[in-house]
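Participant: Okay, these came from TrEMBL:
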type	residues	note
BINDING	GLU44, ASP69, ASP102, ASN125	S-adenosyl-L-methionine binding site
BINDING	LYS130, ASP162	substrate binding site
REGION	226-253	region 'Disordered'
COMPBIAS	226-241	compositional bias 'Basic and acidic residues'
Amino acid sequence: MRMRFKPYAGPELAACAYHINEPMAQKGKWREVFQNPELPIHMELGCGKGGFLSQLALRHPERNYIGVDITDKVLILAKRNIERRYAAEGKTPDNVVILSHDIERIRCMLAAPDQVERIYINFCNPWNKKSGHKKHRLTHPRQLVQYRDFLSENGEICFKCDDDDLFEDTLQYLPEAGFEITWMTRDLHADEPAWNIRTEHEAMFTEMGIPTKALMARKAAIDPETERRLRAEIQHTDPYEQKAAQGEPEAQE
């Protein structure tokens, strides 16, 4: 179901102390936005309504968190959920920031100096309707090679989904893009780890009897030729990259 336009979202987010209005301007210097810049950075791609992110950030004050989603009308719900959960604990959100950005162009807002230690991807769009759309998956090799740019040495990806095809394909994508799968399960709740935080989608699919698939993967070596091919594909298909090659200025997200 398409979410309705929320006219209040933009102004409310612009006034929010932990909303980043111009994320591309922070490329390479994300630590500066946090009260405690020395803490490790974790991030959630596709944070949605912020249920997972708000619980995770509260549970781990020893880490800084970045939550990314593509549209303000979703991000405003994350902002309110974060505020509500922190207020219930008598705390202020000092270790989390949120922002809207096209995740397919995540390379435009993060760089090697940012040294993100872990990426969370939870129940992303499986893009199963047409095979040509699979390149939009957040675990597609074109995406994974971008994550390599800002993940720390041995940086991790934590992935959960309900979709069998997406999960099985991701098991192939990760080694291609130079990631080592260190743990996986096709039924997370059969022996649920204490560290797991159930997302809204996770609870819904579990109630429907659909098992949650999950894995952890670590950044490792990538074949140089594969990396060159993936980066060339990104440049060839991204209209913003083509404009940059022609010397046209790139618009801010």
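Cβ coordinates come from backbone N, Cα and C, glycine included.
As the structure is a computational prediction, the values presented were derived from the model and not from experiment.
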Participant: Would you list the DSSP helix, strand and coil counts for the residues of the compositional bias 'Basic and acidic residues' (226-241)?
Facilitator: 15 helix, 0 strand, 1 coil
Participant: Does GLU44 (S-adenosyl-L-methionine binding site) have same-chain partners at least 6 apart in sequence with Cβ under 8 Å from its own Cβ, and which are they?
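Facilitator: The list for GLU44 (S-adenosyl-L-methionine binding site) reads PHE52, LEU53, LEU56, TYR65, ILE66, GLY67, VAL68, ILE119, TYR120, ILE121, ASN122, given in order along the sequence.
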Participant: Where's the emptiest Cβ shell within 10 Å among the binding-site residues ASP69, ASP102?
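Facilitator: Counting other Cβ atoms within 10 Å of each of the binding-site residues ASP69, ASP102 gives the minimum at ASP102.
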Participant: Sequence gap of 6 or more, C-beta under 8 Å: which same-chain residues meet both conditions with respect to ASP162 (substrate binding site)?
Facilitator: PHE123, HIS201, GLU202, PHE205, ILE210, PRO211, THR212, LYS213
Participant: Let me check the 10 A CB neighbour count of ASN125 (S-adenosyl-L-methionine binding site). How many other CB atoms are there?
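Facilitator: For ASN125 (S-adenosyl-L-methionine binding site), the count of other Cβ atoms within 10 Å is 13.
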Participant: For the recorded S-adenosyl-L-methionine site, enumerate neighbouring residues of the same chain (Cβ within 8 Å of the Cβ centroid of GLU44, ASP69, ASP102, ASN125, site residues themselves excluded), in sequence order.
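Facilitator: What remains near the Cβ centre is LEU45, GLY46, CYS47, GLY48, VAL68, ILE70, ILE103, CYS124, LEU138.
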